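Visitor: According to TrEMBL, the active site, proton acceptor annotation covers A:E421. Look at TrEMBL and you will find A:T139, A:G178 tagged as FAD binding site. What TrEMBL lists as domain 'Acyl-coenzyme A oxidase N-terminal' is A:15-132. Annotation comment: TrEMBL describes A:136-244 as domain 'Acyl-CoA oxidase/dehydrogenase middle'. Per TrEMBL, the feature domain 'Acyl-CoA oxidase C-alpha1' maps to A:275-436. The annotation domain 'Acyl-CoA oxidase C-terminal' is assigned in TrEMBL to A:479-657.
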Amino acid sequence: MNPDLRRERAAATFNPELITNLLDGSPEKTQRRREIENKILSDPDFQHEDYNFLTRSERYDVAIKKSAVMVKKMREFGIADPDEIMWFKNFVHRGRPEPLDLHLGMFLPTLLHQATAEQQERFFMPAWNLEITGTYAQTEMGHGTHLRGLETTATYDPKTQEFIMNSPTVTSIKWWPGGLGKTSNHAIVLAQLFTQGKCYGLHAFVVPIREMGTHKPLPGITVGDIGPKFGYEEMDNGYLKMDNYRIPRENMLMKYAQVKPDGTYVKPVSNKLTYGTMVFVRSYLVGEAARSLSKACTIAIRYSAVRHQSEIKPGEPEPQVLDFQTQQYKLFPILATAYAFQFVGKYMKDTYYRINESIGQGDLSELPELHALTAGLKAFTTWTANTGIEECRLACGGHGYSHCSGIPNIYVTFTPACTFEGENTVMMLQTARFLMKSYDQVQSGKLACGLVSYLNDLPSQRIQPQQVAAWPTVVDINDPDSLTEVYKLRAARLIDIAAKNLHTEMSCRKSKEVAWNLTSVDLVRATEAHCHYVVVKLFADKLQKIQDKAVHSVLRNLFLLYSLYGISQKAGDFLQGNIMTGSQITQVNQHILELLTAIRPNAVALVDAFDFKDMTLGSVLGRYDGNVYENLFEWAKKSPLNKTQVHESYHKYLKPLKSNL
Amino acid sequence: MGSRAHRVSLGDAWSGRVHPDIESERRWPAFDVERLTNLLDGGAQNTALRRKVETLVRDDPAFNLIHTHFMTQDEHFQAATQRLFLIQKLAKRMDWPDDSLEFQYIYRALSGDISLGVHSVAMNAIKSLGSEEQIAKWVPLCKTYQIIVSYAQTEMGHGTYLQGLETEATYDAATQEFVIHSPTMTATKWWPGDLGQAATHALVMAQLTCSGARWGMHAFMVPIRSLQDHTPLPGITVGDIGPKMGIEITDNGFLRLDHVRVPRENMLSRFTQVSPDGTYVRHGIAQVNYLPMVVTRVYMLRNIVLYGLQKACVIATRYSVIRRQSRIRPSDPEAKILDYQTQQQKLIFPLAMGYAFHFQVASIMDFFHRSYDAIRNKDMSLLPELHALTTGSKAMMTEFGAHGVELCRRACGGHGYSKLSGMPSLATYLLASCTYEGENTVLYLQVARFLVKNCRQAWEASDPASRKSLPQSVSYLTAARVDKCPAQTEAHFLHPELYMQAWAHVAARLLESSVHHLQMLVQAGADEHEAWNQTSVLLLQAAKAHCYYITVKNFKEALEKLEHGEPAVHRVLKRLCDLFALHGILADLGSFLYDGFLSAPQVNMLRTTYLDLLLQIRKDAILLTDAFDFTDQCLNSALGCYDGNVYERLFQWAQMSPNNNSQTQEKPAYTKYIRPLMQSRGSKL
């Protein structure tokens, strides 16, 4: 092991294993995760050449091969628990997408939730057995997050009892679904349902797209790959154009809404249920934000402990770059954020399962708030993580740009989370809508509950938002409760401002919608402040539950850094609202610098606690043993461009260049 | 429109009709786009020349860049090398003089997708650091590609901190040779472009030892590959460093030297010499070795950062008037996404940056041309300021530019993730620029050192005369300044004097408190180096505020020259300048509220002004991006073409994906894995 890293690990003041258990949920879970991990690590079926040296089509090849084996082995090993499935998949695919993602993650669950018993029989079992491989085709070339704008039509023909699936325009071509380009033979297609001359909105249809046996596109279907992307090379994101393509009536998923043979439309009982899936996916993305950020952090912090550069004092040996204040200032707030998001992700997952149980018992009351909250948190955490990953890459200097660092792959794999499953700005505005609703509700005398209950405390008689001098300015910057409180005040204030601006715009422009658009920058800002408060609060709550003293103390420093750094970055909000004074901000900034020093000795142990295997990190710079440079050289030698000493371009272009000029 | 045919992609079905949603944006221009284009080009004659060059490469299929989206690293490198070859032939046929505008324009037209970029960097380094004799010997060989030279500075273990480089050059007086050697693994030269496959020579930066003493970093011409068969020479280990996030056209390489001997004449000796007996002579200051980096930075800021950012703005803005999504009013059709305030907030700042940085680059170029010849003639007086200016601009422009391009990419929603949008490639170019040619944090701290040094002197000196001797770019820091912003209405925030004052105030305050913090730590017993490290977060903020001030100032001064001659153009650009300045204030509001410079009500006014500006600039957004006058060929984006036919083009381009080629379609993966998967029929599942 690299001596620097050995020294760092020996100097840690806490036992990283305890934090690993905390993050996994319990020591038993950690053990089980490692068991699965080791099984995969030692399985020759899952070994292959470094993705970085393969072409896109080779990568797809490797991924689909692994997926096939994975499904088989998962069942052999009896893995069915959702966490275990996720671990398994993540280890096999090393945190990367794979062609069966949509089949396993969307096609099967949608059948499970929305298919009738007869349809389960017809589709689910063959899909479970992978005779049918499916995808979920929602997004169109011209339409994404705004689902009502989708153009694909499904028109019912009572004469033949069929739906006519059609892509009427170029913009209506289904675009992006994973596994559609090459892998799937079926797709669940979201389309506008027309029957008896009326449009009933979006419904889901099971559409066969490729012939069983030959895998050739069926007549009336145009299907293919959408071409190269920033990342996701292993995934065959595809397009699908349907040309008045007929499917039997029974292929509409009819557990809720139905179309009778004569074309009569039967409404679903409740549409809140579809929220459930969205909540699940979004809370999963919050967890992904935490995981991706934690990985990037692990790489950057380990490398910063190994890398020596420049000088602090002349004549002394070059220091570890982690000893530079600016490097700590770059990385430690990200480390603190990674921990904060780990806890938020865990909270959301637990809440989802808790609420899911009450849904099972027919209680949907908590769904709207959760749905609203997850939208904003998904946006807040993915944006922050996106920026954080990139900062980790930059913190690795030039080598961060090489695929040997692993961070470019983490970045390009993660960054679509900002646009898929709901574009982030749109997500923020969804939560804003909920916040405005709660605000109005409080104004009209009804108490808000849950995480927005602080809106009840707004001094409702105030006219000018800045006349809030009455708010407490006694802030203890060492006290988690006090810090949670200032974030709460900031959120309350910005929501108050956004609501008032919205009302002002409404009173002078008449249209509510135009007013909404002209306030949307304020609304996003307010929602961000709300989400920031929620993250701080959940982190503070978690901190209280930690028993081990040493662990508590080190996580408390991270909590303080997370909260204070946020205040420092958004100092304008706290100053303008008289929540904090200039001299308090100075104290905050000073304390941040002290915390950097306090966290420094534990930095490596804190990333070790995330417990990523080298194979999952996929990074030469972030290796556990820290032997960076030797391995960097070995890695580069494998580059396809090094296969020959003299590259063919020399003979083709460079040599003629000098003789022809 | 005279220039339209010039802009659109020829040879595809849609260029004949312009999408009505983008047509309507151009129907009632508030200013003459062509005049603005001329202004950006530096005159109508330059615009004409640029378009002439662009026409030359437009029709040649060898210069069609669309296929680059589908290439492997190896194919990229080959194609870029082929383009270089074709350009050289073309230049010869057209008889273009060296360093002429034509070369600049053809590089722009081809998006810089041409190999051997570092060869020119190395050539510039020879011109900067070589004696007249050396220039006469090497430069013509470079120009005719008899030799290809890489500039080998960065090592595996050492980057921005040049004193830490480990490669050794030891003078052997007995043979009058230098022995160039890589003593450790970390000393391996790592990253130099053109080194992996192409170079025959490397200009190696190495620590010179002669007469028993070490003299710091110097440049040595080292032959690395045989001029006959291109194989590595004895003692040389050379190759490619492997796949990267982007910039596939460049063969970044590694180089290990095992006691390789080069003649004494191969050390570049404009400013330093080693005489045959090993005596070391220096003219000028040691920092002069940084000159090649300054030159590289200046060109890189224009060709990569500025153009990259501007192109991203063009693509994202055009796409945002074609893309309709959701409704603003329930009764309306779906709205252009550019009509959403949040989309404007995302895109208009990068657009303002695209203009701010244009004027910033122009100003640096100007300073550079004024000082470069003096420095080469060993007058070093302007070198520190030139170094500080280019360093600060490099850090700020790459940091903000990279951020701006990523913002534009994400503002294109899902399609921004497709390579066919052109955005991933622009993003990866800009992202790389944050760490190469100097890591940004280190560069900001260099600027801070320059500021601290100059201002400390000025503050400590009581007589005004010594203040006058301050470099012009920092003199504002010691001038008298206002402590409270005088704005009383929203409109006051549109006065350039007012926001300049605000930036000057914050930059000076941050610098003062850094200096104060430094002194405090030193008084408390820390040595000055430790104190510097413990103050570096503060210093970083001060340097950033200074760079922002300089950029606003350059923008403002450039506009003053237009006020009378070009009132319409002046009006639209002034809004961008206002927005640029105010956006920066809002982004770092705490610094302005902190000491009461701005009051809470003033911030509200400022915010209202800012939101109004978004709406006003929105109206001119398409024309402002048209004015950059990039050809469709050079944008190479299915989303960003002039005619706005986004979706048709996206669909057509996707068909070119090798994965959709019927020859190779799905067969291997299908037969190898998918079919067996499906045929396992649940027997084992």
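Each Cβ is built from the backbone N, Cα and C atoms, and glycine gets one as well.
In terms of burial and nearby residues, how do these features look in this structure?
Guide: Sequence-distant contacts of A:E421 (active site, proton acceptor), defined as residues of its own chain at least six apart whose C-beta falls under 8 angstroms from its C-beta, comprise A:M278, A:V281, A:R282, A:L285, A:K378.
There are 25 other CB atoms within 10 A of the CB of A:G178 (FAD binding site), with all protein chains counted. Taken residue by residue with DSSP, A:G178 (FAD binding site) is part of neither helix nor strand, so it is coil.
Here the domain 'Acyl-coenzyme A oxidase N-terminal' (A:15-132) returns a mean pLDDT of 92 for the predicted model.
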Visitor: Show which residues of the chain containing A:T139 (FAD binding site), separated from it by at least 6 in sequence, have their CB under 8 Å from its CB.
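Guide: Looking at Cβ-Cβ distances below 8 Å from A:T139 (FAD binding site), excluding near sequence neighbours, one finds A:K174, A:W175, A:W176, A:P177.
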Visitor: Run a quick check on A:T139, A:G178, A:E421: which of these recorded positions have any Cβ-Cβ distance to chain B under 8 Å?
Guide: A:T139
Visitor: Summarise the domain 'Acyl-CoA oxidase/dehydrogenase middle' (A:136-244) by DSSP state, stating how many residues are helix, strand and coil.
Guide: 6 helix, 50 strand, 53 coil
Visitor: Go ahead and report the DSSP secondary structure tallies for the domain 'Acyl-coenzyme A oxidase N-terminal' (A:15-132): helix first, then strand, then coil.
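Guide: Each residue of the domain 'Acyl-coenzyme A oxidase N-terminal' (A:15-132) counted once, the result is 88 helix, 0 strand, 30 coil.
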